[in-house]
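Peer 1: Below, the features straight out of TrEMBL:
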type: TRANSMEM; residues: 12-36; note: transmembrane segment
type: TRANSMEM; residues: 56-76; note: transmembrane segment
type: TRANSMEM; residues: 83-107; note: transmembrane segment
type: DISULFID; residues: Cys148-Cys169; note: disulfide bond
type: TRANSMEM; residues: 203-222; note: transmembrane segment
Amino acid sequence: MAEGCMMALRYGMVFFNLLFWLGGCGILGVGVWLSVTQGNFATLSSSLPSLSAANLLIAVGTIIMVIGCLGCVGAVKESRPLLLTFFILLLLIFLLEILSIMLFFIYQDEIDHYAQRDLKKGLQLFGTEGNVGLTNAWMIVQTDFRCCGVTNHTDWFEVYNATRVPDSCCLEYSDNCGLDNPGTWWTAPCYERVKDWLNENLVALWIFALCTALTQILGLVFSMTMFCQAVKVETFYA
């Protein structure tokens, strides 16, 4: 009976980590595709230029693939070192996620202030050489969210040193429409618009976070159970 339970647990662990690994492959693939086709798309930060959607997806996908591979091989071979390594890595990631969420809620105001300041600093790089990713990202954000600037459309006045905004701020897009009357521009701040969008989708975000946490907890339980069983077997035959 115990042997049958262990066999089921091992197959469950292999299946779980195979899905984990395939998910990592998918995320990595999307990241590489974004990197090749869109450059540094979604690089809005001037202080963290490497923090682009493509780079984040590549990093996350690679980490998931490595952890999934460790868990899968460890389950098939019932290798104690691999199972323990898988458990430790997954536990560290889980704890880091919890710590990040706690720090976010504790320092939410400070993070808001820093993010707005950094984004405003990034506006100065809009349209400059070597910053195509940042430029495209701002154009897409302002067009999709129907907003202009970080906290106000006047943020762009400091960039151009004139009463002017990018054409992506216009109610109806046309070449050089950013030079027209301010009444033809979006005036809503992009920072608040994005925050509102996140709040509207808060339930979906929490469901995703809970599903992720549950998956990680199952992985921790499976790996530690198999590790303990492997120790007992080795002790029994020693």
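Each residue, glycine too, has its Cβ placed from N, Cα and C.
Keep in mind it's a predicted model, so treat the numbers as computed, not measured.
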Peer 1: At a 10 Å cut-off from the C-beta of Cys169 (disulfide bond), count the other C-beta atoms across all protein chains.
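Peer 2: 26, counting other Cβ atoms within 10 Å of Cys169 (disulfide bond).
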Peer 1: Starting from the Cβ of Cys148 (disulfide bond), draw a 10 Å sphere and report how many other Cβ atoms land inside it.
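Peer 2: Total other Cβ atoms inside 10 Å, all chains included: 27.
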